[in-house]
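What follows is a short report on a single structure.
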Amino acid sequence: MKDDFAEEEEVQSFGYKRFGIQEGTQCTKCKNNWALKFSIVLLYILCALLTITVAILGYKVVEKMDNVTDGMETSHQTYDNKLTAVESDLKKLGDQAGKKALSTNSELSTFRSDILDLRQQLQEITEKTSKNKDTLEKLQANGDSLVDRQSQLKETLQNNSFLITTVNKTLQAYNGYVTNLQQDTSVLQGNLQSQMYSQSVVIMNLNNLNLTQVQQRNLISNLQQSVDDTSLAIQRIKNDFQNLQQVFLQAKKDTDWLKEKVQSLQTLAANNSALAKANNDTLEDMNSQLSSFTGQMDNITTISQANEQSLKDLQDLHKDTENRTAVKFSQLEERFQVFETDIVNIISNISYTAHHLRTLTSNLNDVRTTCTDTLTRHTDDLTSLNNTLVNIRLDSISLRMQQDMMRSKLDTEVANLSVVMEEMKLVDSKHGQLIKNFTILQGPPGPRGPKGDRGSQGPPGPTGNKGQKGEKGEPGPPGPAGERGTIGPVGPPGERGSKGSKGSQGPKGSRGSPGKPGPQGPSGDPGPPGPPGKDGLPGPQGPPGFQGLQGTVGEPGVPGPRGLPGLPGVPGMPGPKGPPGPPGPSGAMEPLALQNEPTPASEVNGCPPHWKNFTDKCYYFSLEKEIFEDAKLFCEDKSSHLVFINSREEQQWIKKHTVGRESHWIGLTDSEQESEWKWLDGSPVDYKNWKAGQPDNWGSGHGPGEDCAGLIYAGQWNDFQCDEINNFICEKEREAVPSSIL
C-alpha cells in the first residue's frame, strides 16, 4: 500500500515534456484535473441513478409478475452483477483517468450521450412496465370476477341439483304414498268383501237365531203345556192319595173294628184267620203301593222343579241372546258407519292426491323450464368463460413475448455496455502509451489515493479457541446461472399453485347446440320428512259419497214454543145439500146476498210453493241432483230457466241459501266458443264472482273440458264438466198478486 501511494506521489510530482515544451506546476493541467474530477463525480452519480432505477424496475417487475417473472429475477441479478462489474470498471477507469490525458473529454461526451440513450431506453422500459402493470391489474380484476362468477355458477348448479334431488325425492315419496293408498284401497276392498261376507254370515246366523227362537218358543209352549199336564196329573195324584189316605184310615178303622170283632169273636178266629191273612196281604200291598206312589210323587216334583229351572235358564239365555244380537247389530252398524266414513275419506284423499299430483306435474314442468333456461345460461356463461380463458392465455403469451423482448433488449444493452467498456479500455491503453512519452516533473502532493488491492494471504496462524456461534448473516446474492445440466428423472407431482390473476371478460360466444339428454341417474335415498306445508287451496268438489245406512229413530225432542197464528186457510168446498127445511111463514121474500165462488188463493209473495222470493223474481233451490242438460230441461218444464246472477246483492242472497250445501248449477256456459262465457239466453256476463284461478278448463288434453259453471260451497263460481251431477237453481219472474175480491 505504501509503495502504491509513493508511486502515485511520484507520478503527480513529475511533469512532462513533449516537443521541447516543459510546463511548470502552475499550468492548464490543474483545470483539466478539476474537469476530470467533476466528470468522474457525474459518472458516479449517473451510475448510482442507473443502478437505482434498474433495481427499482427489477423489483417492480418481480413484484407484479409473480411466478411468470422468475426468469426476470435471475436476469435482474445477472444484470446487477454486470452493473456492479461496470461500476468497478468505471471506478478503475476513473482511477486511471486521473492519470490520463485531456483527450478523454470527447470520449466522456460520447459516453454521456450513450448514458442518455440508456436513460431513454430505461424510461421506455418503465413506461412498458407501467403499461404491463395496468394490464396485469386488469387481468387480476377480470380473473377475480371470473372466479366470483364461477363460484356463483357452482352455487346455482348446486342449488339446482339440490332442488332436482328434492323434487325427485318428493316424487318418490308421493309414489310411495300412491302405492300405499293403492294398497290401502285394496286392503279396504278386501275388508269390505270380508265385511260383506261376515254380514251375510251374520244375516244367516240371525236367520238361524230367529229359527232357533221360534223353535225355542214352540218348545217353551210345549213345555208349558207339559207342565200344565203334569200339574193336572199331580192334582189328580194328590186327590187319589187323599182318597187312599181316607181308604187307609177307613181300613184302620175296619182293622180296629175287626180286632174288636176278633176279641169278641175268638171263636170265629179260625174261620176268619184266612180272611185276616188276606186282609193283611192286601194291606201290605196297599202300603207298598202307597210307598211307590210317594216315590213317584217325589220324582214328579223333582222333574217339575228341574223343568222350571230349565225354563228359567232358557228365558235367561233368550234374553242374553237378544241382548247380544242387539249389541252385535249396533256394533255392526257402527262399523258400517266407520267404513263408510273411511271410504269417503279415502275417495276425498284420492281426489286430493290426484289434484296435488296435477299441481306437482305443473310445478315440475315449471322447474324443467327453469332448469333448461338456467342450463342454457350456464352454457353461455361457460362458453364466455372459455373465451375469456383463451384470451387470458393469449395475453399471457403476449406478455411472455414482451418479456423475452425485454430480456433480449437488456442483453443487447449489456453487450453494448461491455463493448463500450472494451473501447474505454483501449482508450486507456492508448492514453497510457501517450503518458509514457511525457516527461514527468515533480508536482505538488495530490490527495490520498483509494484503498489498494488486497495483499497475498499470509501463513496460517495457530488454531485459537472455539468462539461463540455468531449471528446468522444475510443471504448473499445469487450466483450466475450455470450451464444447463442433463434432463433428470420426472419428479413427483408438485403442490397446487396459487390462484392466478383474474383475466378480462371476453366477448360472448354464440349459443351452442343443445346436448343430448343424459341417462337417467339412479334414484337416491328418500330424504328426511320435510316440515308440514302451509294449508293449500280448497280442492275440487269430490264425487258424491255412497248413501249411508238409515240410522235408528231418535227419541222425540222437547216440544218447542208455540208459534204465531198462521194465515187464514183456503175456504173449503161447499158441503152436500141438506134436506129441505120446513116451510116458513108467508111473507115478503128477502133478497139473498150475492156470494162469490171461493177460489184458491195464490202465494202472498207471488211465487209458487217451494219457491223463494227475492226482489221481483222467484227462485227454486233443488233437492235432487241432475246433469247440466237435465237441470236446464227441468227448469224449462217449470216455465223458468237456470239462474242468471247479474248483481252482487243477488249473489249474496243466493249464497245465504246455499251455504253448507253442495254445488249448484247456474245458467252459465262456454260450450259455443271456448273461454267465452255467456248466459243461456246469449247475454254477456256483466257481474263475475269466479274463484281464484278459475275458470281453468281442467281436463283439456285428458278428456272433455269444463264448459258449464256452478256455485261451490263458498258461493263462488267454478267451471265443471257438464256431465257431472249437481244441484241446481231455477229462476223466473214473480207473478203479480191479484187483490182479493170480497
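Using the three backbone atoms N, Cα and C, a Cβ is placed for every residue, glycine included.
If you look up Swiss-Prot, you'll see Lys691, Gln694, Asp696, Glu706, Asn718, Asp719 marked as carbohydrate binding site. In sequence order, Glu706, Asp719 constitute the residues six or more apart from Asp696 (carbohydrate binding site) in its chain with CB-CB distances below 8 Å.
Per Swiss-Prot, coiled coil is recorded for 73-142 (among others), and the stated evidence type is sequence analysis.
Summarised as a single figure, the pLDDT of the coiled coil (205-254) averages 76. The coiled coil annotation in Swiss-Prot covers 205-254 (among others) and rests on sequence analysis.
What Swiss-Prot records for Asn67 (among others) is N-linked glycosylation site, and it gives experimental evidence as the kind of evidence.
Around the Cβ of Asn159 (N-linked glycosylation site), the number of neighbouring Cβ atoms within 10 Å comes to 11. In the three-state DSSP classification, Asn159 (N-linked glycosylation site) falls within a helix. Annotated N-linked glycosylation site per Swiss-Prot: Asn159 (among others), in sequence order, evidence recorded as experimental evidence.
In the three-state DSSP scheme, Asn168 (N-linked glycosylation site) is classed as helix. Positions annotated as N-linked glycosylation site by Swiss-Prot, on the basis of experimental evidence: Asn168 (among others).
Annotated N-linked glycosylation site per Swiss-Prot: Asn271 (among others), in sequence order.
Under the heading topological domain 'Cytoplasmic', Swiss-Prot lists 1-37, citing sequence analysis as support.
As annotated by Swiss-Prot, transmembrane segment applies to 38-58, with the evidence given as sequence analysis.
Contacts of Gln694 (carbohydrate binding site) defined by a Cβ separation under 8 A and a same-chain sequence distance of 6+ are given as Gln716, Trp717, Asn718, Asp719, in order along the sequence. Distance from the CA of Lys691 (carbohydrate binding site) to the CA of Asn159 (N-linked glycosylation site) is 35 Å.
Rounded to a whole number, the C-alpha distance linking Asn168 (N-linked glycosylation site) with Lys691 (carbohydrate binding site) is 31 angstrom. Sequence-ordered, the extra residues of this chain that approach the carbohydrate site, with Cβ no more than 8 Å from the Cβ center of Lys691, Gln694, Asp696, Glu706, Asn718, Asp719, are Trp690, Gly693, Pro695, Asn697, Trp698, Ala709, Trp717, Phe720. When the recorded positions Asn168, Asn718 are scored by other C-beta atoms within 10 Å, Asn718 scores highest. With a cut-off of 8 Å between CB atoms and residues at least 6 apart in sequence, the same chain places Ile712, Ala714, Gln716, Trp717, Asn718 near Lys691 (carbohydrate binding site), listed in sequence order. Cβ neighbour count for Glu706 (carbohydrate binding site): 21 (other Cβ atoms within 10 Å of its Cβ, all protein chains included).
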